[in-house]
Every structure is written in structure tokens, then in C-alpha cells.
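Feature annotations, courtesy of Swiss-Prot:
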- 1-119: topological domain 'Mitochondrial intermembrane' (TOPO_DOM)
- 120-137: transmembrane segment (TRANSMEM)
- 138-141: topological domain 'Mitochondrial matrix' (TOPO_DOM)
- 142-164: transmembrane segment (TRANSMEM)
- 165-233: topological domain 'Mitochondrial intermembrane' (TOPO_DOM)
Amino acid sequence: MTKDFYRQLDPVEEKIVPPENAIVISSEAKEATVNEKEAKQGVLSQRVMKYIGENELVDGISVRDPDYLKRFFNERRKQFSAKWDKVTNKIDDIAGRYYAREESFTSTIASLHTDPNERLIPGLLSILVASMTGSVLARRRTWLLRATMPIILGSCCFAYAMPTTFRNTMGLIHNLEMNTFPHFTERQDRVWKETKRLSTASVQYYYDAKKWLNKDVEKTGNAIKNWTGVNVK
């Protein structure tokens, strides 16, 4: 006769649950408890129990947890947790520095081109053409001209085509120089200020001399006119 797997199940008949009036005595698991005295005397079962741990009933289930295994996994878990925290902190630190640099870079690039009237793509193409022109013009010259002429023409075109962006770029380069080479930048600033002062003074001297010369020429012309009646102006 085949077994009917779909029969009506009686838990008591199948001994799944005890009868209603039955008395169930829970085992204290004394037979699985380590006896230190017998373990020291070399009783095999007690030595085995010492390694597999004492038996404990947890919700009616026999559980063994040796102390050395608990210590082992506790130490390994702590080591893994410490290493994991160290790795995650390192990753967070690297990611934070990367995002900070990315934000600094994007904000710096955005701060360079601030004038909407300056068309970026045509300006960059003009700078490229000017640099290539300088390279072509200095192709058969000395190495110094070949190295500097593209930079000079490109910079001049940059300052002419996009003056606001050029000033912002020069300010950025100056800040980078100040952070990297502060002493050199200070000397460079002093030289630049002195050069500007001399240039301004030279222009002023030129206009003063021109004004003085025009005044003297005018006086001389008036004197000749008064003496001879000839207009020499």
C-alpha cells in the first residue's frame, strides 16, 4: 500500500506534539556537561566535551559553543571590522579629496570665462591660429625664437580676443605661483611694478617733451612771423 502524503495529519498520532495530559520533562543535559575533574583525569568523553563545548538548551534546542571558538571568531570579527573601517575611511578620504579638487577645478574654470560677450570657441581657435603662425614664422630661426614666438603671439591674441578671460587667467596663474613659489613671485611682482613705473614715467616724459617742443616751436614760429612777416607754421 502506497503512503498517502495528502492524508489528514494528526500531530499527536505522529508524535509531533505531546498529548494534552502528558508530562514532558526537559533534560538538563548533564550527560553533555564538562566535568573538569574527569577531564583532568583523562576521561575520553570529558576531554571531547571540553573541546566541543558544554551543551546548553536554548528554546529546547541543544547548542554547543566552545569558548575557544567564541574567542577565535570574536577576535577575527573585530580584526575584520577594524580593517573594514580603515578601508572605508581611506576610501571616504580619497573620495572627499577628489570631489574637493573636482569642485575647485570646475569653479576655477567657470570663474575664468565670466564675460558672456566673449565667444569661447572662436577665441580659442584664434589663439591656436596665432600660435601656429608664430611657429611657422620662427621655423628657421634660433631655438629661443622657436620656443617663445608661438607663446608670445598666442598670448597677444588671447589678450586681444578675450581680454576679461585673459585677465582672469593671469590672476589664476599668479595665485598658483604665489602658492608654489612665494619668494620668487614677490620678486617678480617687484620687478613688474618697477617696469610699469618706468614705462609710465617714460610715456609721461615723452608727452612732456613733446608738449615742451611744440611750445618752443610755436614760440619760434611766432617770433619769425613777427620779425619777418613769414608764416612758417
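Each Cβ is built from the backbone N, Cα and C atoms, and glycine gets one as well.
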Original post:
In terms of Cβ proximity under 8 Å, which residues at least six beyond the ends of the topological domain 'Mitochondrial matrix' (138-141) contact it?
Top reply: 148-150
Subject >> Helix, strand and coil residues within the topological domain 'Mitochondrial matrix' (138-141) as assigned by DSSP >> reply: 0 helix, 0 strand, 4 coil
